[in-house]
Amino acid sequence: MDDRDLETREAAELEARLVGPDADGDERAYEAALRPKTLDELIGQERVREQLSLVLTAAKGRGRTPDHVLLSGPPGLGKTTLAMIIASEMGTSLRLTSGPAIQHAGDLAAILSGINEGDVLFVDEIHRMSRPAEELLYMAMEDFRVDVVIGKGPGATAIPLQIPTFTLVGATTRAGLLPGPLRDRFGFTAQLEYYESAELHRIVDRSAALLGVDVTRDGGMEIASRSRGTPRIANRLLRRVRDYAEVRGDGTVDLDVAHRALELYEVDRIGLDRLDRSVLEALCRHFGGGPVGISTLAVAVAEERETVEEVAEPFLVRRGFLARTPRGRIATAAAWEHLGLRPPEGSGPEPLPID
Ligand SMILES: Nc1ncnc2c1ncn2[C@@H]1O[C@H](COP(=O)(O)OP(=O)(O)OP(=O)(O)O)[C@@H](O)[C@H]1O
C-alpha cells in the first residue's frame, strides 16, 4: 500500500469515526457534501472565524505557514470542518489522523516524514496520543525536526531528520487534558461553542438547499431548536425528517412534519436525545439526584465513561440540568422539572464550583 492509499484509508476511517459507529458510507458522503469549504461559507462561531481569518491572511501576506492551531469543543461543532477550511484557504493539502492512531513515536515519525511544505496535519482527539509520541511532536512543532531512533537499548542512536514546515491543527473535546507544554506550542487556540438556534436554522436552510429539500421556516426552526446546539445533529435530523416527509407526506418539511418526525425519533422539544435523558433519569431515579461519580453514572446507563463525559454532559451542564461538583454530578431543579419528577425532600444541594 503506498502513502496515498494509507492517507485515503486513514481519512475514511477518521470520517467513519467522526460520523459514528453506525454510520454507513452514505452518511459519510452526506456529511462531506454539507461541509462548508471556506471561512465565508461557515455559519456561526463569529469570533473564531474572524480570529482565524486574521491568522491566515497574515500568514499568506508574509508567505509563511500559519501557526499551529488548537480547536477544542464538544463533538460535531466543526473542528474537522475548520481544519479542512484552513488547508483549502491556504491552498495546501490536508493530512488526517487521530490521537488513538498514534500510539508509538514511530507512528508519528512516519506521518511527519511524508509531509510536504505547508501541509496541514489534522490530529483529531489529540489528547489521546501516547506520551512518547507527544514528546516527538513538541520538537516537530517547534523546530520542524524529529529524532529517528535507530536500534534498541544502549546501542540505539537518534538521527535528527529535518521536516518541512507544516501547520498542526489539533482537535480535542477535552482541552484540560492536554499537557501544558503541548498546549503552549499552539500559536492560536479556539474554543468552539454550541450554536444558537438562529445559527442552526441557517445551517439547516443551507443544507436543505444543497440537498434540494423543501423546508418551511417553521419546519427549519423546529429542527434547529432540537439540535442540541450542534450542526452535525442539525444535519442528521434534517435527513431523518426528510425521510419522514417523503414517506408520510408530500416531501415538504413543515412544522407538523418536523414535529411528528422528531417525536418518532425520540428527540425531545429541547433537543435531549435518548442518552441525555437516560443520564438524567439515572441521576434522579437511581441516585436521588446525586452526587454520584461519573463512572457510576456511566455504568448505570450502560455507556462508556468518555461518551457520558464528552457527549452528554457538556450539553446537560450548558442547559443547566446537571452540575459537576467535587463530590460528583448532581441534578438541578430544572432537571427534575424537565423529567416531570418531584425532587426528594431536603434534596438539591447547591452546586459547588466545577471540579
Ligand atoms: N459552522 C458550520 N456551518 C455549517 N455546517 C457546519 C458547521 N460546523 C459543522 N458543520 C457541519 O457539521 C458536520 C460536523 O462537523 P465536523 O465534522 O467538523 O465536527 P467536529 O467538531 O470535527 O466533530 P468531532 O469532534 O466528532 O470530530 C459537518 O458535516 C459540517 O457539514
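A Cβ is built for glycine as well, from the same backbone N, Cα and C atoms used for every other residue.
Computed from a predicted structure; not experimentally measured.
Marked as compositional bias 'Basic and acidic residues' by TrEMBL: 1-16.
Per TrEMBL, region 'Disordered' is recorded for 1-22.
Residues or ranges marked as region 'Large ATPase domain (RuvB-L)' by TrEMBL: 15-195.
The annotation ATP binding site is assigned in TrEMBL to L34, R35, G76, K79, T80, T81, E142, D143, F144, R185, Y195, R232. Cβ neighbours of L34 (ATP binding site) (same chain, under 8 Å, six or more residues apart in sequence): R206, S207, L210, L211, N235.
Summed and averaged per residue, pLDDT over the domain 'AAA+ ATPase' (65-196) gives 90. If you look up TrEMBL, you'll see 65-196 marked as domain 'AAA+ ATPase'.
The DSSP secondary structure for T80 (ATP binding site) is helix. Summarising the annotation, TrEMBL assigns Mg(2+) binding site to T80.
Under DSSP, residues within the region 'Small ATPAse domain (RuvB-S)' (196-266) fall into helix, strand and coil as 52 helix, 2 strand, 17 coil. Here TrEMBL flags 196-266 as region 'Small ATPAse domain (RuvB-S)'.
For 269-355, the entry in TrEMBL reads region 'Head domain (RuvB-H)'.
As annotated by TrEMBL, DNA binding site applies to R305, R324, R329. Counting only same-chain residues six or more apart in sequence, the Cβ atoms lying under 8 angstroms from the Cβ of R305 (DNA binding site) belong to I294, S295, A298.
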Residue pair F144 (ATP binding site), R324 (DNA binding site) - Cα distance, angstrom, rounded: 40
R329 (DNA binding site) in three-state DSSP notation: strand
Residues R305, R324, R329 binding DNA per the record - widest CA separation, whole Å: 15
Rounded Cα-Cα span from R324 (DNA binding site) to T80 (ATP binding site), Å: 28
Pairwise CA distance, Y195 (ATP binding site) versus R329 (DNA binding site), rounded so that it is a whole Å: 25
Those binding-site residues listed as F144, Y195, and which of them has the most Cβ atoms within 10 Å of its own Cβ: Y195
Within the region 'Head domain (RuvB-H)' (269-355), residues counted as helix, strand or coil by DSSP: 41 helix, 9 strand, 37 coil
